[in-house]
């Protein structure tokens with residue numbers, strides 16, 4: 001750490017505190033993520049190892065935050081990242097109204113380029129959300145926080161935890177307890193982020209897992225084996241049933257969005273994971289080639305993080321009161337009225 005001068009605190013993650021720092025010799029500004037080990041015998045946390053491994057696999061992408069160095073420090077170690085001025089959550093929070101169509105296209109295009117690069121290298125991020133999409137001083141968007149990332153097994157045989165992704169961006173298969181999944185979880189999250197940029201607020205702001213499903217059902221309709229055959233194989237499929245609910249046309253949900261935007265959004269927000277449009281295909285969608293064209297990064301808003309104390313983290317969904325099959329349903333809900341329309345009568 002002697003080669004760096006700490007300039008201030010940026011924030012705090014699951015496994016460490018992040019500082020803004022300056023390299024003493026070169027003057028380069030970086031972000032230092034200090035990871036402390038609770039006990040030396042426990043070794044490096046799995047999330048930190050995953051982040052290092054994932055970033056080493058995809059270090060050549062200009063749309064993924066660059067890991068510059070890893071070095072030991074005290075009873076832990078430090079990750080040195082390129083410094084990014086802000087994040088997409090700050091952009092959305094400070095916007096006085098929904099972003100201009102050209103700005104939405106630009107952010108989404110950069111996000112898709114990063115996701116396409118990750119997926120081409122068999123990396124599934126598993127926690128895409130605006131707070132993990134960092135913005136540089138020049139307006140460049142880069143994907144960060146690979147603590148939940150995994151190297152994807154193309155044969156589909158590996159089992160993973162379903163407790164990944166921040167709830168508002170969590171794919172339906174994860175909400176139904178899927179242990180086998182693929183890049184589709186990232187593509188659903190991209191759709192949620194796109195909808196949030198178009199809407200100015202999250203599309204599916206559930207306060208627990210059941211409310212999250214209800215938010216999705218309210219727009220996309222009740223999933224059925226006819227539309228999504230694999231749903232019957234998911235662990236939590238029969239733990240709660242919902243009344244039949246017809247989908248709401250996306251043009252009613254986002255009346256100001258263009259037909260091209262709604263068409264692309266609809267190809268992300270599909271129940272069957274393998275029917276979701278791939279990131280590489282989405283980049284070729286007509287949405288990006290019709291007026292207005294994507295804005296240049298220099299034309300994008302970059303909210304400055306104020307000096308002094310680090311800004312509070314983007315308010316995400318609370319991770320409490322989750323549904324559990326052995327717990328009375330009314331105890332699992334913060335707002336029981338939200339799901340009442342979906343519960344069968346009798």
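Note: Cβ is positioned from N, Cα and C throughout, glycine not excepted.
Here is what Swiss-Prot records for this protein:
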type	residues	note
DOMAIN	4-288	domain 'Protein kinase'
BINDING	10, 11, 12, 13, 14, 15, 16, 17, 18, 33	ATP binding site
ACT_SITE	127	active site, proton acceptor
REGION	298-324	region 'Disordered'
COMPBIAS	303-318	compositional bias 'Pro residues'
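The average pLDDT the prediction assigns to the domain 'Protein kinase' (4-288) is 88.
Cα to Cα, residue 12 (ATP binding site) and the residue listed as 'active site, proton acceptor' are separated by 16 Å. Residue 127 (active site, proton acceptor) and residue 10 (ATP binding site) are 20 Å apart (CA-CA, integer value). The residue listed as 'active site, proton acceptor' is 18 Å away from residue 18 (ATP binding site) when you measure Cα to Cα. Fewest other C-beta atoms within 10 angstroms, among the recorded positions 12, 127, are seen around 12. Reported as a whole number, the C-alpha separation between residue 127 (active site, proton acceptor) and residue 16 (ATP binding site) equals 17 Å.
Within 10 Å of the C-beta atom of residue 16 (ATP binding site) sit 20 other C-beta atoms, taking all shown protein chains into account. All chains included, 19 other C-beta atoms sit within 10 angstroms of the C-beta of residue 10 (ATP binding site). Residue density at residue 18 (ATP binding site): 17 other Cβ atoms are found within 10 A of its Cβ, drawing on all protein chains shown.
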